Amino acid sequence: PEPPEGGWGWVVMLAAMWCNGAVFGIQNSCGVLFVSMLELFGSSEDKQLAFKTAWVSSLSMGMVFFCSPIVSIFTDLFGCRKVAVTGAAVGLVGLLSSSFVSTIEPLYFTYGILFACGCSFAYQPSLVILGHYFKKRLGLVNGIVTAGSSLFTVSLPFLLRVLIDSVGLYNTLRVLCILMFVLFLAGFTYKPLVPNTKDKEGGKKGKSKFPPAKKICNFSVFKVLSYRIWAFGIPAALFGYFVPYVHLMNHVKDRFGGSVPEEVLLLCLGITSGVGRLIFGRVADYIPGAKKIYLQVASFFFIGLMSMMIPLCNVFGALIAVCLFMGLFDGCFICIMAPIAFELVGAQDVSQAIGFLLGLMSVPMTVGPPIAGLLRDKLGTYDVAFYLAGVPPLIGGAILCFIPWVHERQKLKERAKPVDGETTEKMLENESTLVLDTTEKPVKELDSGF
């Protein structure tokens, strides 16, 4: 059906906005949790402390994206509502169980895997369901929805710092469970407008029947060359993307001591990221077709440049300016992912297209922060880690530049095929009419003769 461009869709938009806020607000505030984990579980004798602790946050963020191809299959089979509600419940259990551990190792499973998998199953349906309700306003709506994570990223670091100082890390994690419970309730608002694959295969009688494996795992999206470039170019750009979110707080502590409020940096990232999502989400609606990619190219260029400038900031004010710019273009990159996926593969395959992309993104986002932590343990400073973190976004952005040109060539080829088919059909129709005319004329003459 044609998207209603509103109605119940506005309620769905608010629920999806909460989902983005709860999931990525917690993930982006991991720098505060990281410092607390170092103090709680670490010792001065452990020479690989930053490396081991960074795995908790990076594994969590990586698993959110790693599960995405599986989530897309479940979303196609069972619909957005069931998958989102189940995911939020699993995430709630994982976060709650994380508040009862006594060492860092169990957090790899409870926080890094269980909580993150639940977040993944809750997050992706929030992107897919928006395409059911909006088409013309999809860029704007995606900007508003993804701005939810910015609102939470702005407020959560200060809340987490107050909670950790007053009630400790364990009780802070239990307070965060409230966000996941609200997310569990929000999932019930995802009223489906398009039947899922299982319902289609079951028919009108409502028989439960699973579709063939080819329909479950739809690898046909990789036949689209422009999508292939996009799906491998973005992960190439993300090896250093998550490094500032994990290590920036500890870098500030190393560089400036305890004399500066390091949470202000996450506040700056969150505010400008929200502004960027709203602005660039709306701008994307006016940019035709795959040319939206150029916004992501620009965002990767500036993100890479800002990452390299972090070690050069010897004044806290300069670091604030860097974070303001980084947040702005971070918002640009995130808010137009779904609209670009719709442009490259169409609405029918968008769920699995997003799923495969997020799955490929999981590898660099998981590997980057521990490598940065290892460099910090070996060299005693984060400078080299931040310099190296700025290189992949520049390379990935250069790869993405080719997509609009490739996509336009693909569209021209696809247009040419139907035209050739139509012309041959018309030629066959003309031939058949000529044959009919030649056979009808003698019959008419015989009739008139009698």
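The count begins at 1 with the first shown residue.
Glycine too: its Cβ is placed from the backbone N, Cα and C atoms.
According to TrEMBL, the protein carries these features:
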type	residues	note
DOMAIN	221-450	domain 'Major facilitator superfamily (MFS) profile'
TRANSMEM	7-34	transmembrane segment
TRANSMEM	54-74	transmembrane segment
TRANSMEM	83-102	transmembrane segment
TRANSMEM	108-131	transmembrane segment
TRANSMEM	138-160	transmembrane segment
TRANSMEM	172-190	transmembrane segment
TRANSMEM	225-244	transmembrane segment
TRANSMEM	264-281	transmembrane segment
TRANSMEM	293-312	transmembrane segment
TRANSMEM	318-342	transmembrane segment
TRANSMEM	354-372	transmembrane segment
TRANSMEM	384-406	transmembrane segment
Q: Six or more residues out from either end of the transmembrane segment (108-131), which same-chain residues have a Cβ under 8 Å from its Cβ atoms?
A: 3, 9, 12-13, 15-16, 19-20, 23, 26-27, 55-56, 59-68, 71-72, 74-75, 80-81, 83-84, 86-95, 97-98, 101, 138, 141-142, 145, 180, 183, 187, 190, 192, 337-338, 342, 347, 350-351, 354-355, 358
Q) Between 7-34, 54-74, 138-160, 172-190, who has the most Cβ pairs under 8 Å to the transmembrane segment (83-102)? A) 172-190
(Q) Short question: most Cβ pairs under 8 Å with the transmembrane segment (138-160), which of 7-34, 54-74, 172-190? (A) 7-34
Q: Could you pull the average pLDDT for the domain 'Major facilitator superfamily (MFS) profile' (221-450)?
A: 78
